[in-house]
Amino acid sequence: MGCSASKDTTNSKDGAASKGGKDGKTTADRKVAWERIRCAIPRDKDAESKSRRIELFKRFDTNGTGKLSFREVLDGCYSILKLDEFTTHLPDIVQRAFDKAKDLGNKVKGVGEEDLVEFLEFRLMLCYIYDIFELTVMFDTMDKDGSLLLELQEFKEALPKWKEWGVDITDATTVFNEIDTNGSGVVTFDEFSCWAVTKKLQVCGDPDGEGAAKTTADRKVAWERIRCAIPRDKDAESKSRRIELFKQFDTNGTGKLGFREVLDGCYSILKLDEFTTHLPDIVQRAFDKAKDLGNKVKGVGEEDLVEFLEFRLMLCYIYDIFELTVMFDTMDKDGSLLLELQEFKEALKKWKEWGVDITDATTVFNEIDTNGSGVVTFDEFSCWAVTKKLQVCGDPDGEENGANEGN
């Protein structure tokens with residue numbers, strides 16, 4: 001897309017119109033294809049979407065390495081998702097999304113040049129693909145002659161559409177010149193997409209912004225149920241419930257729980273997956289913390305099991321991590337599992353509810369961002385949150401000697 005290209009507006013618009021569009025597709029064809037694509041890309045955070053995403057990743061991963069190259073992603077977008085039904089620019093779209101997800105993954109992991117996307121970045125990449133597709137819809141709506149360059153007149157003719165997209169433009173020429181950053185007199189897709197993202201033109205590749213009220217209400221109901229379901233207290237009734245729960249978890253009858261038994265119990269008995277799609281990660285963190293503390297107390301080295309003495313502590317850790325997840329997800333609007341400074345600032349009112357009055361958000365954000373990557377991971381957030389005691393009271397007695405269940 002050269003910025004110096006010129007347009008023959010006399011003939012090219014008529015030619016595009018006679019074909020029904022720049023790639024031979026009519027508007028109706030493209031709408032049908034777009035609706036199918038919206039359903040085909042599993043971007044949501046619910047359990048069903050995650051299950052579809054796991055299966056899709058396996059199908060994309062033709063080499064079986066657990067990491068996807070650009071070629072594997074592009075082939076999958078053609079042969080499995082069939083995204084080429086919508087656009088002739090699929091390689092460009094996939095390349096943009098692949099690079100953004102890969103670069104962010106490398107930045108967080110501290111890796112330099114790894115040219116692969118792992119499962120942790122896969123959802124983010126799908127969100128980017130969706131975003132770029134949706135921006136393509138907007139751009140194509142205005143780009144009547146299919147030259148991949150917008151002229152001022154085309155921009156002005158699309159003003160009624162801008163209101164639908166969430167922007168009320170009063171001075172089209174000024175805005176057009178703002179978008180045309182290199183002053184060429186035409187707007188490229190790159191220039192348009194950079195500007196559109198800053199204006200948040202209802203481009204919500206991560207659908208958590210859509211219907212967020214319903215999601216929040218559902219999560220509140222689930223969270224209240226989970227608060228009651230995890231018997232963390234030291235009173236007689238809670239201990240009795242804990243003994244019964246341990247027996248239900250202990251399907252092998254050994255008096256010790258492996259990680260698989262704990263995870264299965266959290267799914268089938270406590271039903272903690274109603275609240276989050278990250279249950280395996282949460283349980284793994286809690287299991288490891290309780291197990292390691294138990295081994296330290298007992299003087300055992302590597303036993304990979306949790307006994308009843310550590311069971312209450314493990315439940316407390318699960319509760320802690322769930323509550324931290326609530327906090328993190330409240331701020332992480334785009335679902336990338338990374339917090340940006342702007343997201344952190346937008347949550348300042350919430351911080352007061354969580355027990356911290358922040359006056360200098362940038363300084364605190366940089367304090368949390370211990371590796372200086374410019375984004376905050378959940379690990380960084382949770383480590384900092386625990387030091388601030390953000391009303392995260394997994395162990396309701398404030399004690400970490402929960403390995404002693406004899407109390």
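Just so it is clear, glycine is given a Cβ too, placed from its N, Cα and C backbone atoms.
Under the DSSP three-state reduction, Glu191 (Ca(2+) 3 binding site) is assigned to helix. Within 10 Å of the Cβ of Glu191 (Ca(2+) 3 binding site) there are 20 other Cβ atoms, across all protein chains. Annotated Ca(2+) 3 binding site per Swiss-Prot: Asp180, Asn182, Ser184, Glu191, in sequence order.
Asn252 (Ca(2+) 4 binding site): 11 other CB atoms within 10 A of its CB, across all protein chains. Positions annotated as Ca(2+) 4 binding site by Swiss-Prot: Asp250, Asn252, Thr254, Lys256, Glu261.
Across all of the domain 'EF-hand 1' (48-83), the predicted model scores a mean pLDDT of 92. Summarising the annotation, Swiss-Prot assigns domain 'EF-hand 1' to 48-83 and lists sequence analysis as the type of evidence.
Annotation source Swiss-Prot lists domain 'EF-hand 2' at 130-165, citing sequence analysis.
The annotation domain 'EF-hand 3' is assigned in Swiss-Prot to 167-202.
The feature domain 'EF-hand 4' is assigned by Swiss-Prot to 237-272.
According to Swiss-Prot, the feature domain 'EF-hand 5' maps to 319-354.
The annotation domain 'EF-hand 6' is assigned in Swiss-Prot to 356-391. Residues 104, 107-108, 110, 320-321, 323-325, 327-328, 337-341, 344-345, 348 of the same chain lie 6 or more positions beyond the ends of the domain 'EF-hand 6' (356-391) yet place their CB under 8 Å from a CB of it.
Residues annotated as region 'Disordered' in Swiss-Prot: 1-27.
Among the features that Swiss-Prot reports, region '2 X 186 AA almost perfect repeats' is placed at 25-399.
The region 'Ancestral calcium site 6' annotation in Swiss-Prot covers 299-310 and is backed by sequence analysis.
Listed in sequence order, Val186, Val187, Glu191 are the same-chain residues six or more apart from Asp180 (Ca(2+) 3 binding site) with CB atoms under 8 A from its CB. Counting only same-chain residues 6+ beyond the ends of the domain 'EF-hand 1' (48-83), those with a CB under 8 A from a CB of the stretch are 37, 40-42, 90-91, 93-95, 98, 115-119, 122-123, 125-126, 129, 133, 277. Distant neighbours of the domain 'EF-hand 4' (237-272): 226, 229-231, 279-280, 282-284, 287, 304-308, 311-312, 314-315, 318, 322, 405; these residues of the same chain sit at least 6 beyond its ends, with a Cβ under 8 Å from one of its Cβ atoms. Most other Cβ atoms within 10 A: among the binding-site residues Asn182, Ser184, Thr254, that distinction falls to Ser184. Long-range neighbours of Glu261 (Ca(2+) 4 binding site) (same chain, six or more residues apart, CB within less than 8 Å of its CB): Phe249, Asp250, Thr251, Asn252.
DSSP assigns Lys256 (Ca(2+) 4 binding site) to a strand. Across the structure, Thr254 (Ca(2+) 4 binding site) and Ser184 (Ca(2+) 3 binding site) are spaced 74 Å apart at their Cα atoms.
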